[in-house]
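Some notes on the structure that comes next.
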């Protein structure tokens, strides 16, 4: 018998909540998990079979860590690619592949990839200096994105007028036409090395404008089937063009004309898939493991309407986290709590999420609003 | 704000699969988990925040371990009761309570409790010696059960004739009238300190005669509502008579006349509730945590038909476990794998379980039969 999942060591770069939920699922397969994270108190620390505190961007650290694993995956894109390339050369399986991470790490390269592969996306221009911005063909207002290292709303700003350019990021960026969108949606697609692909049903995202973070996520979407099918085709096209192994989260805008424009990619489990744990037959974490271990992909269909609420640290609270209102929300049927094991809260820090399922979309949204107003992470 | 679940340390006596699945759920609440188990390779070893290898039946070991926790629970009844009593005296919360464990540890006392509380159960007699057996008022054949330390089919034998008495257990036992039953069923009830109670829908058990272990478990039962209601009332009566905090699994016989007779109790998560992880709104493990932390009890209703298959080590296989056919069964929709992290297999050892869910009972049973014939734990 060939080596099977329960014999293999899974190395995960990054030990945050995504790694934590991946390990929760990996337990079902006796997987041996190894985690590398720079934070001595990372959410995965006590759950990994082997936890190493160290830099995920340093060549030697990543390379030496990877040598101990059979399969290496990520829970964050900002990792040392050269080390992953070297590990691949030496026969380690790295999923998603290093070249996919490299492409996605750089939002400029991502946009060029969309253009080359006829993936619909907002018009853009790469800029290196404030000079480039002043000479841009784009009219104000437009969106400025740092090409690298942006996450959770960081590295994105709106430029309304010439004066704003002074505050612009001091790094390679891209300018993007401001999309007059109706909604942001996401589709997660899984692809295994055999080339099998399955998408999770499309979800709708509602943003917290102040934090620029997803606040609610509603599954499944109520957009017409025709639009959902188009979104699925786009997601699958990207996954097969990338030839990716693993999960790919595809965030898109639905414009007021009903067009779809791809916003960003994430080659890993993603915030827009947390509701799959209780809302779908198979969770994104289970599907990611199936994909990277070349197993048959699971049934992604929804069981229920689900709303996911990101549990963010309250403004003006810094310190040891307290979860006010937890007992109240647990009295509601269909409420599932996921705390991420972070000891300290700070404003807008992702401390956990709550999923509420209901047979009725409006019922789920109503409960989610109550939860949002009742459950607070304070210090 | 009072101390809340995420601030508390949960001590678990026993580090097997039940503790493992409890920890998988405890992760969602940032619970700090402490586990005591005599096996250096116990399934919980790498998942507990703190794992101590030691005896769960030794006073000092259990007492000193318990001192480190805020709430102490069990995943097996064979623990040192005196240490738990002492911990309770010193203000620790022990759930289930030591007196409940003491009562249930001894099947003789359990039977007397049934009698005193008008809980229907098969006629029985306590016996201390082979002499007592020879002088019993019971006709052959009957069932002989060791009063203490029986589990997983061990400590139970059928006495067909006088000659069998020679092989009888050399320990305090009880004789039980052989029940001509149609089926074994189980109901799990949860009770929190406030006295709130909720039952999981009744399940049917199918035994492997050779191993005397549950092989299939089918949820929900198709017995008439009237019978299911009777079973629920019995389960709730026992839980409130015991004044238990936590889960109580109640195994019953359905006789050919449609009567219900209580067979055995387990004051903890139980093999007959594993299908709740995917088959019900809230799992038995989540419900146990809600009960012992005095939180509102969750919705126990079934989402789907579910069949749970115990994954037992194949006969004639001893050694490092291999899971033959795993990929084949993972290709079936609605199949969920739970391996228990046990390195070595031996005949009939519980190595994991598989839950298959389906919108159709027969569909689920058909898949379960295929899984039973396809997936083998070999060495």
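Backbone N, Cα and C define each Cβ position, glycine as well.
TrEMBL annotations: computationally assigned, not manually curated.
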Ask   = According to TrEMBL, A:107, A:176, A:177, A:178, A:179, A:184, A:263, A:264 bind ATP; which one of A:67, A:68, A:145, A:315 is listed for that same site?
value = A:145
Ask   = Across the domain 'ATP-grasp' (A:111-293), what is the average pLDDT of the model, as a whole number?
value = 94
Maximum Cα-Cα separation in Å among residues A:107, A:145, A:176, A:177, A:178, A:179, A:184, A:263, A:264, which the record lists as binding ATP = 18
Task = Please state whether DSSP places residue A:107 (ATP binding site) in a helix, a strand or coil.
result = helix
